C-alpha cells in the first residue's frame, strides 16, 4: 500500500469480509460475478486444464497463457478500452497471465471460523478482549461445551437451569437425546450459543472505549489498595494489573487502526493466487503440488459437507452438525498454522504439511527470503579465516570464487587483448585454467573493489569494501583487525562477497566503505579496529622475553644467600656464546629463521650512538676489560663499548627477536603514515 506521503509500505492485519469480497470478486462483461471457489479440484485428469470454479479456475484467477482463454481462442492484450474483453463461451478474460500472481479468490464458509492466530497465539487477543480464560474459549470454539451461557438477556431455559445448586445427573443423559428432535433448531438458536458464532456475537457486542475506561478504573483501584503482605495475593494483583494494561493497549490499537474485533472471526476465507501455490510437472510426468493446495481442498470438502447438512437435510442430528463445524474449524486452523493445536497434520508419507504460517515465517519464509533478502548475481559465500599477511584494506578471495565473480570481466579482457576470438573460446580457456587467465584475473581484481557482508547487518560496519587478492584454498581471508566491525569470529563464521558493478557503486565503495576508512565506531566514536584476543596474546608472546636477565638473576637482593658456585654458574650463562651480539636487526632475524636462537632468547643488538639511551645518573652493574684496553660498561638493558680514552665506540641494547619484530612493524607503519601525509 502507499500512504498519504507516497511511502510504500506493507501492513498485516485483520480485514473485513467486505474487503475480502472486493479483492476476489469481479464482474464479467456478461454480468456474471465470479470469485468464489466452490470445488476442491485443481486440474482435469484428461484435458489437463483447470477445473471450473476450482482452485486454479481461469475465470477466477485469470488465464494460464497471456491472451488465450480456456477454449483456446486468442486476443491481443493491451487494448485501451475500459472494459476488458472476455470469451463468451468460457468467461475467461483476455489479459496478461501475470494476473495469476495477485488475483485472489475466496471460500464462503458455512459457519463462522475463529482465526487461530488471534485465539491460540500468546497472548490471545480474543481472550484479552473478552476477559475470559483461554481454555473456556477453546472449548466454546471447538464445540467441546454442549451448552454455553446464552448471549441474550431475556430469560431462557439454560439461565434458569444455572440457578440450581445441584444438577440432576439424569439431565446429562436425557438432554443429548433432545438434539435429535425436530425442534432442535429453534431451541438451538434461542438457548445454545456455541462455536465460533458465539465468539463473533460477543466480539460484536464489545464497546472498545468502555473496555478502556473500565480497565483503567480497575487498574487504579488495584493500585490504590497497595500491598497486602500476602506474597501470593500480591503476585495475583500484579498479574491482573499487567493484564489490564495489555487489554487497554489492545483496545487502543483496534481503535487506532479502525479494525472491528469481530473480524477476528472469519466468514470468508481468502484463497491465495495460484502462482503462489503452484503445481509443477517434474521429470517422468509426475506433478508436485504445494501443500497449501491440499489444505485448501480439505477446507472445501468439509465446508461443502456442512453446507449440504444445513441446506438439504432438516432432520440432521444436532451433534452431527456441531461435529462438522468443528471439522471445518480444524481444517482452517491447519491451513493457517499447522500444529498450533498439538499434533500437526501429515500426508501419506508421514510428512508434515507446510501451512501458510510455515510459508511466511522463519529464515526461509516469504518475507525474509524473497522480500527482505534476495539472491543476487555477482555474489558468493564462504567461511572466513585469518589472513595475517594482508593489509587492512585487503581481503583474500579463493580462486574458485574470484573466477566466477569476475568471469565476465576476464572474458572481456581476453577478447580485447585478442587472446580469444569469441565468448565461447574465452570460456573454454577459463575452464582449462590457463596461466594467462590468472594473470588477467589479477589485473582485473587490482582495479575493482568487492563488498563483504556478514549477516545480520546490524550497523553500517556490517558491510565494508576491500581490495581483493587471490589466495589458495576455499576460504575468504580477512585481516584480523576488521573482525570487530563485522562482529565476526574465526570459528566457522561465513561472509558473503558482492561485486559492485556500476561506477557509482564502485565510487561509493572506495570513498565511503573501505575498511581502512572506517576505523571508528559510528555509534560512540571509539576505535573499532583494535587488537583483541589472539592478537593480544601474540603481542604478549613477542614482547614478554626471557625473564632470566642480568638484574633478575645476578643482582637480585633475594639471591644474596646464593653460594659462590651458583654465582659463577650465572656468570657463565651470560657470556657471548649464550647471549650473542648482532650488528643489525637483519642478522638477528636471520639467526632466528635459521633456528640458532629462539623468539624470546636475550641478545645484544648494536644500536646507533644515541645518548638518549644512556641514563643520566645510572651506574654500570659490571665493567669488563679487554686486553687491548677497551672495556664494556654493562648496565641493566644495554652496554657501552669504550676506548682507552673513554670514548664511546658502540652501544648495544639487550633485547629479543620479538621486540625487534614489533619495533620494525611500528617503524614501517610510521614511515608509511608520514609518506601518506
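Quick reminder: no glycine exception, Cβ is built from N, Cα and C everywhere.
Taken verbatim from Swiss-Prot:
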type	residues	note
BINDING	69, 71, 87, 90	Zn(2+) binding site
BINDING	489, 491, 493	Mg(2+) binding site
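Structure coloured by features recorded in Swiss-Prot.
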residue : record              : CB count, 10 Å
69      : Zn(2+) binding site : 23
71      : Zn(2+) binding site : 12
87      : Zn(2+) binding site : 21
90      : Zn(2+) binding site : 16
489     : Mg(2+) binding site : 10
491     : Mg(2+) binding site : 7
493     : Mg(2+) binding site : 16
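Listed in sequence order, the residues 70, 72, 73, 86, 88, 89, 91, 92 complete the 8 Å Cβ shell around the Zn(2+) site centroid, once 69, 71, 87, 90 themselves are left out. Of all the binding-site residues listed here (69, 71, 87, 90), 69 has the Cα closest to the Cα of residue 491 (Mg(2+) binding site).
Cα of residue 69 (Zn(2+) binding site) to Cα of residue 493 (Mg(2+) binding site): a distance of 52 Å. Take the mean position of the Cβ atoms of 489, 491, 493, the recorded Mg(2+) site; other residues of that chain with a Cβ within 8 Å of it are 384, 488, 490, 492. Across the structure, residue 493 (Mg(2+) binding site) and residue 71 (Zn(2+) binding site) place their CA atoms 56 angstrom apart. When secondary structure is read from DSSP and collapsed to three states, residue 69 (Zn(2+) binding site) falls in the coil class. For the pair residue 71 (Zn(2+) binding site) and residue 489 (Mg(2+) binding site), the C-alpha distance works out to 62 angstrom. Between the CA atoms of residue 90 (Zn(2+) binding site) and residue 489 (Mg(2+) binding site) there is a gap of 62 Å.
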